[in-house]
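For Ala32, Gly33, His34, Asp52, Phe79, Asp100, Gln107, the entry in Swiss-Prot reads S-adenosyl-L-methionine binding site, with the evidence type sequence analysis.
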Amino acid sequence: MFKHETVLLHETVDMLEVKPDGIYVDATLGGAGHSEYLLNKLNEKGHLFAFDQDQTAIDNAKIKLADYSDKVTFIKANFRDMKEALNERGIEAVDGILYDLGVSSPQLDERERGFSYHQDAALDMRMDQEQELTAKTVVNEWSYQDLIRIFFQYGEEKFSKQIAREIERRREVKPIETTGELVDIIKTAIPAPARRKGGHPGKRTFQAIRIAVNDELGAVEDSLEKALTLIKPGGRISVITFHSLEDRITKQLFQEATKGPDLPPGLPVIPDEYKPDFKLATRKPIVPSEEELEQNNRARSAKLRVIEKIIK
């Protein structure tokens, strides 16, 4: 069964200031924890559109949320296509959107999906099982330079060159097929003193390959830009990020949206059309409480940022 500890559950939904008759979007359905809590706040006029590109997540959510079936629409799609999918269903604007950008724990834990460096499986890492590009293709066919780039940019891996060189050496002998083989390559490439500190040596490389396979950062940027155009005045967008790359994209997009155009200083009155359309709901990101961290270690790096469209 799809088990997933929902991070910042109450904070993420409560910060949306849910209207009982509003229209909401869960851009990252996953284990459906946020969706369930949000649906609980809606009356018979309210509705939730829940997106996931993983059919397993949708199938499990249909069971978990069976009591709310008249209030929720499930959409199997990448959240970068959210606006188009909503428009097709006659929805032009919504009251709130939430994102939980953590990979669902079940996906990490399902051996055959190939996300985990703890279990040996085929190199896959696709969120959408119907897409062609897999981790095996990245590892075996991408150039030495491209591997260095993704390991460094997406994994912030100090030993990117050493790992890419070892991959190149091994794949010349035979294709690299499994996560276990990749872990072995990473352990060979990273110097012993560095291997012994800072968690599993494969963590950064696996993250980098997963982001590349699923174009996660491109999807986040596309989706958030569209989300800003979907939100009604007074509506909010909540975004939970788990690593600095996604957080940087979210922070920059939100800062850009809350800035008005450059005006000469000293104007006595600023016309409405020159005022920004958005404001940050909190000055600093919200982070999990000590209590939550004790119960769920995966929440440690979570940050919640919230933006609101100003009513003019």
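Quick reminder: no glycine exception, Cβ is built from N, Cα and C everywhere.
Distribution of Swiss-Prot features across the structure.
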residue	record	Cβ within 10 Å
Ala32	S-adenosyl-L-methionine binding site	28
Gly33	S-adenosyl-L-methionine binding site	20
His34	S-adenosyl-L-methionine binding site	29
Asp52	S-adenosyl-L-methionine binding site	28
Phe79	S-adenosyl-L-methionine binding site	26
Asp100	S-adenosyl-L-methionine binding site	27
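According to DSSP, Asp100 (S-adenosyl-L-methionine binding site) sits within a strand segment.
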